[in-house]
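K.L.:
This is the structure I have questions about; it appears just below.
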Amino acid sequence: MAASNQSEVNIGMVGHVDHGKTSLTRKLTGVWTDTHSEELKRGISIRLGYADCEIKKCETCDEPECYTVDKKCDACGGKVDTLRKISFVDAPGHETLMATMLSGASLMDGAILVIAASEECPQPQTKEHLMALDALGVEHILIVQNKIDLVTEEAAIENYNQIKEFTKGTVAENAPIIPVSAHHGANLDVLLKAIQEFIPTPKRDETLTPKLYVARSFDVNKPGSEIKDLKGGVIGGSIIQGALKVGDDLEIRPGIKVTEGNKTHWVPIITKIISLGVGNKKLKTASPGGLIGVGTELDPNLTKSDALSGSLAGLPGTLPETLEKMVIKPQLLERVVGSQDELIIEPLKTNEVLMLNVGTSTTVGVTVSARADKAEIKLKLPVCADKGDRVAISRKIGSRWRLIGYGIIL
């Protein structure tokens, strides 16, 4: 277990809309991640939601009953030891919010694909989310067959067989399938045991220069606050390498758009780290793993309403260049997933508009040149990314962006 209050691993909660991702996250963490007013109204996740939990184990009970997230053993009421703290990234399942799911996938060390037993499998975004995990290199996957309380045993077995058939030949072919009722809390102990066994904590190298993927940014000041009480802007995200500490200077790229005459360019933002936190707990140093809040000296106007989400942050002078165009080696899927007609994917074409996700950023670009092994794309919004980074590629088909593959930055 990590010595600090930090989580050790980020696990994505993905799957089709309304299959129970947010309910399962709440059952494991006690946190309802849909807190945005529009989310509460519509009953779906719109932004990425985050919540932490500690996996604990009873010293005396047998497996899997010995696993819990509570302060005492659910089976015997006895003492429990904390094994690991984990962060869940709850991604939206609605097809119009695929870009948000893709930007969240870059934070994931593993994923739980939630599939409702009460609907035929696969549903469109079940397919699309699994392809996205594959495209972005998320390998450690568990499948939760949720809502088993709503179906007969025969229907649950039929749905299980559909899941096995659907995952054949994918990154999740050998993933354990765990029947669960998030609503009733049934089989959560089995799920916790599987998380411990199948989603390992990645090996982290804290000696590398720090890099933080920014997934959210906020103005934490309440309207009408006195000037003397105002706090600087807050950014939230995941450190992917190295460590940051309170007092460090921080560079955020791409930064601010500056227009001079008829030319525009982007200027990195430099600020200082005032505080680091996980939930309500303060840290002096933050390392990879979990989702971190970083308090800064920035004008809160720069951070409000996720204005800096998609940025990359690190020590000044250590970040990669900001790219206004990128050259990638594309790897396209055979067919479009997530739509009714699974069309064959055509090669990239010159002058076509694509949506690209790299790290936590989403941008749109136009292909300047396109060959089978190399494509050059001019970006509408620049990104800060390294050579070798993976980029998810989506194409507009009908009125929706559809994932068509990924590329490696050359």
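Even glycines carry a Cβ here, placed using N, Cα and C.
Note that the structure is predicted; figures quoted are calculated from it, not measured.
As listed in Swiss-Prot for this protein:
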- ASP18, HIS19, GLY20, LYS21, THR22, SER23, ASN146, LYS147, ILE148, ASP149, SER181, ALA182, HIS183: GTP binding site (BINDING)
- ASP18, GLY43: Mg(2+) 2 binding site (BINDING)
- THR22, SER45: Mg(2+) 1 binding site (BINDING)
- CYS58, CYS61, CYS73, CYS76: Zn(2+) binding site (BINDING)
- 6-203: domain 'tr-type G' (DOMAIN)
- 15-22: region 'G1' (REGION)
- 43-47: region 'G2' (REGION)
- 146-149: region 'G4' (REGION)
K.L.:
Just give me the nearest neighbour of CYS76 (Zn(2+) binding site) among the binding-site residues GLY20, THR22, ASN146, ILE148, SER181, Cα to Cα.
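P.N.:
The smallest Cα gap between CYS76 (Zn(2+) binding site) and any of the binding-site residues is with SER181.
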K.L.:
Measuring Cα to Cα, how many Å separate ILE148 (GTP binding site) from CYS73 (Zn(2+) binding site)?
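P.N.:
Spelling it out, the Cα of ILE148 (GTP binding site) and the Cα of CYS73 (Zn(2+) binding site) are 24 Å apart.
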K.L.:
In the predicted model, what is the mean pLDDT computed over the region 'G4' (146-149)?
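P.N.:
The answer is 95, the mean pLDDT of the model over that range.
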K.L.:
Taking DSSP states H, G and I as helix and E and B as strand, how many residues of the region 'G4' (146-149) are helix, strand and coil?
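P.N.:
Here the numbers are 2 helix, 1 strand, 1 coil.
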K.L.:
CYS58 (Zn(2+) binding site) to SER181 (GTP binding site): how many Å between their Cα atoms?
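P.N.:
Spelling it out, the Cα of CYS58 (Zn(2+) binding site) and the Cα of SER181 (GTP binding site) are 22 Å apart.
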K.L.:
Taking the Cβ of each of the binding-site residues and counting other Cβ atoms inside 10 Å, which one has the highest number: CYS76, ILE148?
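P.N.:
Selected residue: ILE148.
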K.L.:
I'd like to know which of these binding-site residues, CYS58, CYS61, CYS73, is least surrounded, judged by other CB atoms within 10 A.
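P.N.:
If we count Cβ atoms within 10 Å for the binding-site residues CYS58, CYS61, CYS73, the smallest count is at CYS61.
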K.L.:
To the nearest Å, how far is the Cα of GLY20 (GTP binding site) from the Cα of CYS61 (Zn(2+) binding site)?
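P.N.:
Computed Cα spacing between GLY20 (GTP binding site) and CYS61 (Zn(2+) binding site) is 29 Å.
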K.L.:
On the DSSP side of things, how many residues of the region 'G1' (15-22) fall into helix, strand and coil, could you say?
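P.N.:
Helix/strand/coil tally for the region 'G1' (15-22): 2 helix, 1 strand, 5 coil.
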K.L.:
Residues other than CYS58, CYS61, CYS73, CYS76 within 8 Å, Cβ to Cβ centroid, of the Zn(2+) site?
P.N.:
GLU59, THR60, GLU65, CYS66, THR68, LYS72, ASP74, ALA75, GLY77, GLY78, VAL80
K.L.:
Whole-number Å distance between the CA of SER181 (GTP binding site) and the CA of CYS73 (Zn(2+) binding site)?
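P.N.:
Taking the Cα atoms only, SER181 (GTP binding site) lies 19 Å from CYS73 (Zn(2+) binding site).
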K.L.:
CYS73 (Zn(2+) binding site) to HIS183 (GTP binding site): how many Å between their Cα atoms?
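P.N.:
For CYS73 (Zn(2+) binding site) versus HIS183 (GTP binding site), the Cα atoms are 20 Å apart.
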K.L.:
What whole-number Å value do you get for the CA-CA distance of ASP18 (GTP binding site) and CYS61 (Zn(2+) binding site)?
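P.N.:
About 34 Å separate the Cα atoms of these two residues.
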K.L.:
Whole-number Å distance between the CA of THR22 (GTP binding site) and the CA of CYS61 (Zn(2+) binding site)?
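P.N.:
Here the two Cα atoms lie 29 Å apart.
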K.L.:
Counting other CB atoms within 10 A of each CB, which of the binding-site residues THR22, ASN146, SER181 comes out lowest?
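P.N.:
Among the binding-site residues THR22, ASN146, SER181, the lowest count of other Cβ atoms within 10 Å belongs to SER181.
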